[in-house]
Amino acid sequence: MSDEVFSTTLAYTKSPKVTKRTTFQDELIRAITARSARQRSSEYSDDFDSDEIVSLGDFSDTSADENSVNKKMNDFHISDDEEKNPSKLLFLKTNKSNGNITKDEPVCAIKNEEEMAPDGCEDIVVKSFSESQNKDEEFEKDKIKMKPKPRILSIKSTSSAENNSLDTDDHFKPSPRPRSMLKKKSHMEEKDGLEDKETALSEELELHSAPSSLPTPNGIQLEAEKKAFSENLDPEDSCLTSLASSSLKQILGDSFSPGSEGNASGKDPNEEITENHNSLKSDENKENSFSADHVTTAVEKSKESQVTADDLEEEKAKAELIMDDDRTVDPLLSKSQSILISTSATASSKKTIEDRNIKNKKSTNNRASSASARLMTSEFLKKSSSKRRTPSTTTSSHYLGTLKVLDQKPSQKQSIEPDRADNIRAAVYQEWLEKKNVYLHEMHRIKRIESENLRIQNEQKKAAKREEALASFEAWKAMKEKEAKKIAAKKRLEEKNKKKTEEENAARKGEALQAFEKWKEKKMEYLKEKNRKEREYERAKKQKEEETVAEKKKDNLTAVEKWNEKKEAFFKQKEKEKINEKRKEELKRAEKKDKDKQAINEYEKWLENKEKQERIERKQKKRHSFLESEALPPWSPPSRTVFAKVF
């Protein structure tokens, strides 16, 4: 039976209509069931297998289905009844074909799937088919009894173990869907995964940044201060204040160290007061100079970037010199200085806070004030150092010996005691000093007079040079005036000559124009006469040509008339000749007719004679039949008739 069902050639011998219909219907049912089983197996394999198998199955579905259908449908031969009545499909002889269909269908499906799937996916496809074989057979048996309809996706009923496994994996296993939906879902899942990763990263960053952003009271104060300063300050001013505050702290810490409390020297109270007053002034000026210097350096760093480390070193050196000078001050003074330093530091910090609101215009004023402060501090430093470094009388050194006495002027006590050698020496020395001073003053006066004389001489020389220069300038001016007059006279002469030449040229142009006008008139008259003569000549020529043309026309007309006459005569002759020829032809025709009549008559006569002779011959043959046996002559001419001898 299986051979009969799956035979490629249809059984036309038994019952043609029934066999055609049953074989066609059975094969059609087989193709439909195989397709449905293949689609179900591919869907479940897509659900349980990886995405790679899905992508491989996409390429092989349509081609494999078409190949399987084409293989089975190649040898079908549809009858005329089926073409006329396609709706009357009767499922006859189904009992014979059902068992064979169920037996052979899994093999065909497995073969088609092996053709579709790649080598690496064969085991997975075979497993999926083996799981779905039993259910496919039951479904096919039910479907063969019914009419074929469009496929509806049915939910697969699994075993208890499979149900348990599915219950555990319900949260991640999707329901079976078409391939296009699976592809779209995979793309959407990738996008959702990327979005989940981004949200997780953002949450982690927020968690990490949360503890760092917890507010503290110190932080709140700092932020409030920063906001207040940032509202009042430009970015350049903020740089200035930071640099100024740091530099002030360093330099003030270096300059006002506790080592400044040195040993006090033995001085008078007035000198100590003056020294304290000067030192306090110098310290205040120094602080102002430091603050102004560092403000200017900060501005220059932020704007021009031209302040170097040498300025800082010089300022440190100045501070060290000041500290060396201040080591001789009393401890009370050092305490007062420390108090003043603290107050000045607070004042300077307040000043820096106020200066933060000031912009670039006040930085120039700060530079000027810093320069003046530096000059003032240098003067105060010089004064204080000169006063402090003056040695007292009590502590003066005695290494000069008795030469110091010479510098002292003789007092009343010394004048009372003139015998002492030191006093004599001092008096002599003082007289010599007075004479020397007088001499020096005289020499200085002489030098001053000489310098004045030299100055006067130089002034006189300069005046003489100026007078000479003025005289030379006047002479040069007079020479230039003469030359200018000469040049002006030359220019006037040149202008006169130019005017004369222009007038002469104008007169020549006028004469030339008059001559040209005359020549033009003559030329026009000549051309008019020439044109008139040419016109007359052309007229005469035209008349001659017209006459010649008229003569030629006359000659032509006469020639044409003669030719026409000749032509008419020639045509008349031709007509006459044609008439003569016609007559001759008619005569010939008449002669021919006569000859034909004569020939016909002669022919008729000849025929009559011939008939007569034939009759005579026939009669003679009948009469003399016995003479036929006699030998004929060896040759007889065809035109001549040989008569037999009559006995």
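Every residue gets a Cβ built from N, Cα and C, even glycine.
Feature list (source: Swiss-Prot):
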type	residues	note
COILED	184-210	coiled coil
COILED	298-328	coiled coil
COILED	443-628	coiled coil
COMPBIAS	133-145	compositional bias 'Basic and acidic residues'
COMPBIAS	155-166	compositional bias 'Polar residues'
COMPBIAS	174-186	compositional bias 'Basic residues'
COMPBIAS	187-200	compositional bias 'Basic and acidic residues'
COMPBIAS	210-219	compositional bias 'Polar residues'
COMPBIAS	239-249	compositional bias 'Polar residues'
COMPBIAS	268-287	compositional bias 'Basic and acidic residues'
COMPBIAS	365-374	compositional bias 'Low complexity'
MOD_RES	TYR12	phosphotyrosine
REGION	127-323	region 'Disordered'
REGION	344-421	region 'Disordered'
REGION	491-514	region 'Disordered'
REGION	530-553	region 'Disordered'
REGION	580-600	region 'Disordered'
REGION	613-647	region 'Disordered'
At a C-beta cut-off of under 8 Å, are there same-chain residues at least 6 beyond the region 'Disordered' (580-600) that contact it? List them, or none. none
When DSSP states are grouped into helix, strand and coil, how many residues of the region 'Disordered' (530-553) land in each? 24 helix, 0 strand, 0 coil
Averaging the pLDDT values of the coiled coil (184-210) gives 51
By DSSP assignment, list the helix, strand and coil residue numbers for the region 'Disordered' (580-600), in that order. 21 helix, 0 strand, 0 coil
